[in-house]
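See below for the structure under consideration.
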């Protein structure tokens, strides 16, 4: 959704809200949320990772149609390529060989391989803003972004719509600023050390005017043990924010993701996200976050250079009424409840819109012949020559009639 070009204005009942009241989203804000921009500042509390600057040649490879992976081991033609017209070496002169795409970015290819080894043999990749979470369907590791080789990394990156968004649409919805264009983006590949994450311990925090106004879990499943931990988790997140992010991050509005494993006393910064519609509000809505009533700061407007620093202690004349209101307010902490629809698997799986049918994946894995056979059968089904079967039907069951799907 494009960002509005005007700030929020007062509306009456006769003037309904027609768009989310975001302030203009700047390109500089998007750049501030790029991993390489903030990682050095907060490195001590982030997950172990390495950043590799990317070259135009590597970016061109990511943008190319199709998936051609570098050869990791020596490969040999199948026996049927040998015939009477073969050369003295025994191989067909007409055999086509794909050029190795990594030859165009050999240094980066080498860096990726060395970094994977340095980080223990398993990594999770991402670009400046996004990880290829929507492409895990194609991974050899079932529903995982774990990569053990450079080719694992390339396969996920080239199969992801999220990565394409980083490359082609990073500034979509931003206010016009001729001084910043896509050419100003220094794209990087981030490789994080892989470890088995407990999804129940991941949380997204929303910051407005340098104050956390909402916290929620990232994984949309029900975890009953989290509810008694809300005070502990909220306190840990608030203390981390006040100590680390509140006064140092360049923008006053943003969201950030944290990981808090047992014993729930150490906060790890996972990501910083733009305060923009492109960021998933998860258990909140953007309208809630933008219009939520929050007590004003004790001494004026937050993030204002004209506001003096808070005193260490209140004066004797201060009746403390405002302090009570301020100190008594806490950000809402939302979790999936047992009876919430999100807690059950009736809805579509996460990122299902980015996945391909299993039949297509299996056909592609079997090579060109498999795809040709799949396309031929699909055309025959569309023309009525071949019957479509309902899910769960057994084509070998002679007792039941095969019922065609009417579309």
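Here the Cβ of each residue, glycine as well, is placed from N, Cα and C on the backbone.
What Swiss-Prot annotates here:
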BINDING   126, 129, 131, 133, 192, 193, 194, 195, 202, 204, 218, 257, 271, 273  ATP binding site
BINDING   271, 273  Mg(2+) binding site
COMPBIAS  90-100  compositional bias 'Acidic residues'
REGION    73-101  region 'Disordered'
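A map of Swiss-Prot features onto the structure.
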residue	record	DSSP (3 states)
126	ATP binding site	strand
131	ATP binding site	coil
192	ATP binding site	strand
202	ATP binding site	strand
218	ATP binding site	coil
271	ATP binding site	strand
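In this entry, ATP is bound by 126, 129, 131, 133, 192, 193, 194, 195, 202, 204, 218, 257, 271, 273, whose most widely separated C-alpha atoms sit 22 angstrom apart.
Ranked by how many other Cβ atoms sit within 10 Å of their Cβ, the binding-site residues 202, 271 place 202 at the bottom. Cα to Cα, residue 126 (ATP binding site) and residue 273 (Mg(2+) binding site) are separated by 14 Å.
Within the same chain, residues at least 6 positions away in sequence whose Cβ sits under 8 Å from that of residue 273 (Mg(2+) binding site) are 33, 129, 204, 254, 255, 256, 257, 279.
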